[in-house]
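Have a look at the structure below, then the notes.
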Number of protein chains: 2
Amino acid sequence: MKKKVLTLLKEADGYLSGQDICEKLEVSRTAIWKVMKQLREEGYQIESASNRGYRLLEVPDRLTEAELGSRLENSLFGKNIIYKEEIDSTNIEIKRQAEAGALEGTLAVAEFQRQGKGRRGRAWSSPKGSGIWMSFLLRPQLRPENASSLTLVAALAVSRAIEKVAGLSAQIKWPNDLVIGGKKICGILTEMSSEMDFIHYAVVGIGINANIKEFPEELPYATSLFIEGGREYNRAELAAVVLKEFESCYQEFLAEESLERLLSDYNSRLVNRGSQVQVIKGDESLSGIARGVNAQGGLLVETESGIETILSGEVSVRGVYGYV
Amino acid sequence: MKKKVLTLLKEADGYLSGQDICEKLEVSRTAIWKVMKQLREEGYQIESASNRGYRLLEVPDRLTEAELGSRLENSLFGKNIIYKEEIDSTNIEIKRQAEAGALEGTLAVAEFQRQGKGRRGRAWSSPKGSGIWMSFLLRPQLRPENASSLTLVAALAVSRAIEKVAGLSAQIKWPNDLVIGGKKICGILTEMSSEMDFIHYAVVGIGINANIKEFPEELPYATSLFIEGGREYNRAELAAVVLKEFESCYQEFLAEESLERLLSDYNSRLVNRGSQVQVIKGDESLSGIARGVNAQGGLLVETESGIETILSGEVSVRGVYGYV
């Protein structure tokens with residue numbers, strides 16, 4: 001209901017009469033009045049003029065269910081949105097939802113994560129109200145060994161969305177980060193619950209350093225869209241575009257259970273492509289030129305003894321510019 | 001404490017004086033008296049004679065923490081045993097334990113499962129008090145794609161244990177069942193929570209049709225040790241031997257992150273080895289002679305066009321005798 005009113009307000013060219021809203025949504029004037037009050041409390045500036053109706057003057061930079069939902073009509077991710085001011089971790093929330101039987105597309109967004117998670121249980125810094133911290137639920141009919149490609153699909157979606165919304169070129173640092181000028185702008189954490197040959201569900205968590213003004217000294221290799229672009233971006237708009245891009249890339253991926261159709265775009269956004277990389281696996285390391293990823297998401301590295309395929313997530317890759 | 005008293009009673013040759021128990025365990029006579037009362041309530045027949053002490057006459061066929069624990073001293077699985085008369089599913093219980101941070105080796109055993117689980121959400125029949133329904137937690141440092149071998153390790157352990165305890169030959173129906181005379185005697189369900197390159201934890205669930213007297217008509221392809229062997233078996237003994245065998249095979253597997261050291265024993269127990277099999281994957285099927293599994297757990301099938309490796313769990317395999 002709040003989402004629908006918001007959608008109408010956004011679509012309206014100028015004033016929208018209370019009578020119109022009542023008729024379109026088949027609700028009472030009192031119900032409309034209550035929703036307007038709620039929206040104002042959430043930071044929306046809504047003018048009301050007698051005989052003319054309501055007019056939306058300003059949208060707050062928030063990632064509420066209504067704000068995201070109004071941008072995700074007819075999308076996989078618009079049907080079940082969980083918004084929290086504060087949460088332990090959006091990945092953990094989606095796992096809870098999954099275990100309780102939630103449908104594919106269920107989305108969790110929070111303004112602040114107390115236990116934001118990076119890979120292998122590392123912490124992910126998620127300051128309040130300035131980033132995009134979100135996770136969503138997938139139930140793909142994939143073999144578990146193909147699920148790691150979901151991280152690559154998400155990276156491509158984020159890169160495309162940042163380009164569209166902010167006009168910035170965020171490159172993909174295979175497998176699960178995005179960087180601008182060698183500094184981290186986004187991290188992706190894909191988790192999975194599976195049997196041998198069957199995925200119960202996958203959780204894709206995406207953290208984007210959107211409007212963060214500055215980072216502490218301990219994070220010298222992090223940056224934000226604000227720092228790189230010199231202005232604030234509408235987080236709900238960016239989040240919605242990421243999710244729409246993901247949905248589109250996900251369909252392409254599922255159609256062939258391979259990254260084939262996404263490869264050329266993905267590889268054109270790969271930060272290390274054509275440059276010297278060092279692949280570290282346990283105590284061993286391997287040097288060569290990164291040539292791109294293949295349709296299974298493996299990184300192709302040209303070494304003196306030929307092309308080696310590095311399995312997704314099996315290693316950490318260091319570029320020559322020293323960024324880890 | 002109960003576990004320790006039980007261990008002493010079992011080790012004793014004849015009577016065990018109350019004074020001895022007090023000294024060995026550094027507890028009071030009253031404490032000992034309470035434990036004896038508890039054990040009797042659980043079905044242990046313990047004789048007590050003045051001036052001589054206590055003597056264990058009969059052990060009930062139960063899978064209690066004390067009964068299993070007394071058989072699993074110094075074992076990976078003896079440290080944290082959860083015993084329930086009734087549970088939703090032991091796999092679900094171990095997942096809950098894992099999410100709460102439980103250690104590797106945590107074991108859940110139940111006399112009855114309300115929602116016993118087979119593969120892909122299918123139901124697993126687990127009647128009360130006559131089977132072995134247990135699951136345990138592993139936290140192996142493996143790549144997720146190697147985790148499916150854990151099912152094969154468990155199958156080998158169960159086959160060895162049934163041979164040792166019941167003297168029956170339970171053959172392995174790759175990847176996750178054991179059969180006697182073509183009928184199912186045991187099913188294994190391995191589940192996993194992982195990231196791209198990192199296993200958070202794996203849960204191995206083992207269901208053994210131990211002392212089940214008869215099966216309903218809907219389960220024509222199921223059998224039990226009771227039916228095959230013509231007598232009842234001590235379930236705690238069998239469960240403990242399965243767990244000890246698993247621990248030993250698991251160490252062999254982890255040492256090389258491969259089934260190499262276990263292959264010849266595993267393949268000697270493979271029901272389909274040397275016979276015609278039909279491998280079904282979605283709409284396609286492939287016929288050939290099963291030749292055994294390789295060190296990665298794949299099934300080698302010799303077809304007219306050469307040897308095909310079937311990825312663990314990717315397919316269902318039907319033998320010519322029609323058992324699914």
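Heads up, the Cβ atoms here are built off N, Cα and C, so glycines get one too.
Site annotation for biotin in TrEMBL covers A:S89, A:T90, A:N91, A:K184, and the matching candidate from A:Q45, A:Q113, A:Q141 is A:Q113.
Within the listed segments A:18-37, A:198-217, A:238-257, TrEMBL records DNA-binding region for the stretch A:18-37. Per-residue confidence over the domain 'BPL/LPL catalytic' (A:76-254) averages out at a pLDDT of 94.
Pairwise Cα distances among A:S89, A:T90, A:N91, A:Q113, A:K184, the recorded biotin-binding residues, top out at 20 Å. The secondary structure of A:S89 (biotin binding site), as reduced to three states from DSSP, is coil rather than helix or strand. Sequence-distant contacts of A:Q113 (biotin binding site), defined as residues of its own chain at least six apart whose C-beta falls under 8 angstroms from its C-beta, comprise A:E86, A:I87, A:D88, A:S89, A:T90, A:W124, A:S126, A:W133.
Close to A:N91 (biotin binding site) in the fold, though at least 6 residues off in sequence, lie A:K117, A:S135, A:L189, A:E191, A:V203, A:G205, each with a CB less than 8 Å from its CB.
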